[in-house]
Amino acid sequence: MSDRLKPLIGTAATRPLTREEAEFAFECLFEGEATPAQMGGLLMALRTRGETVDEYAAAATVMRAKCHKVRAPHGAIDIVGTGGDGKGTLNISTATAFVVAGAGVPVAKHGNRNLSSKSGAADALTEMGLNVMIGPERVEECLMEAGIGFMMAPMHHPAMRHVGPVRAELGTRTIFNILGPLTNPAGVKRQLTGAFSPDLIRPMAEVLAALGSEKAWLVHGGDGTDELAISAASKVAALEGGQIREFDLHPEEAGLPVHPFEEIVGGTPAENAQAFRALLEGAPGAYRDAVLLNAAAALVVADRAPGLREGVEIATESILSGAAKAKVALLARLTNAA
């Protein structure tokens, strides 16, 4: 038990913690020095009052420092969502990652099992024949050889074992629900990140700015998803050069049609993998257009495309040329190599 943490729990309930106070508090959590009651008390005090940018940044800083790091190629990007939107869509960010990698941009994707759908990124990749339970060294090999690597959160954040049981018992959202996209083990400086609430995109952009990100789009779909929506306008907070610009983005701005939300609702990992394979073969429809929209945004963030319409063209070529499909096959081979 940490006696030094106890007063901070009461403090957190009444005022924002300074960055130094918050870093100390999360150091206690990640070192296993806090009791389950102290962990729960701190997390709920923050949740009830509302976490600040400094508190998010402090937690992310400590979590990054304790993770198993990965070296990524220059210019690597992460394409990730917080999860937790409860919408059960097809695996859009996962498919987007392979399309972007097929366009020549290194993708260091951080992810986990299902949070907001029946099939999270790791579930879909496993169904596609990839081994996601690999360590940092193997991920580095994938990034260098294939230009894409998947970092399974539990394989890179061992300190989370101390707080996992408490999170499960609390059964409610805490600060940890948004830390995943802020704690990429490869330390990427560019990312396309979705949030389960529009109220999070500005604070998350401010956190990434404080942590040294160069360019990022934080997005929330108008259909309630943690990605750019193909059925409605989306909210965007774009970080570049330390400045944050907020705007609405409609699919038609990228030259794409609007589709009913129901057309991107997913199912089991096997069903989602089947849809993913069809997309890689060039099947048209709402799923492909949703992936093209998100891939276009990622290509803009990566400075691979000057605008969304050009990004859609590049992403379309990645699919139709077979480049995205080839990335899946190569990553499957590399992750299953003896």
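Note that Cβ sites are derived from N, Cα and C of the backbone, with glycine treated the same way.
Annotated in Swiss-Prot:
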type	residues	note
BINDING	G81, N112	anthranilate 1 binding site
BINDING	G81, 84-85, T89, 91-94, 109-117, A121	5-phospho-alpha-D-ribose 1-diphosphate binding site
BINDING	S93, E227	Mg(2+) 1 binding site
BINDING	R167	anthranilate 2 binding site
BINDING	D226, E227	Mg(2+) 2 binding site
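Cα separation, G81 (anthranilate 1 binding site) to T89 (5-phospho-alpha-D-ribose 1-diphosphate binding site), rounded: 12 Å. When the Cα atoms are compared, the residue listed as 'anthranilate 2 binding site' and E227 (Mg(2+) 1 binding site) turn out to be 24 Å apart. Each of the binding-site residues H110, R167 was scored by other CB atoms within 10 A of its CB, and the lowest score goes to R167. The most crowded of the binding-site residues listed here (D226, E227) is E227, judged by how many other CB atoms sit within 10 Å of its own CB. T89 (5-phospho-alpha-D-ribose 1-diphosphate binding site) carries a strand DSSP state (E or B). Here the C-alpha separation of T89 (5-phospho-alpha-D-ribose 1-diphosphate binding site) and N112 (anthranilate 1 binding site) works out to 16 Å. Cα to Cα, E227 (Mg(2+) 1 binding site) and S93 (5-phospho-alpha-D-ribose 1-diphosphate binding site) are separated by 8 Å. The CA atom of N112 (anthranilate 1 binding site) is located 15 Å away from the CA atom of D226 (Mg(2+) 2 binding site). Fewest other C-beta atoms within 10 Å: among the binding-site residues T89, S93, N112, that description fits N112.
DSSP assigns G81 (anthranilate 1 binding site) to a strand in the three-state reduction. In the three-state DSSP scheme, H110 (5-phospho-alpha-D-ribose 1-diphosphate binding site) is classed as strand.
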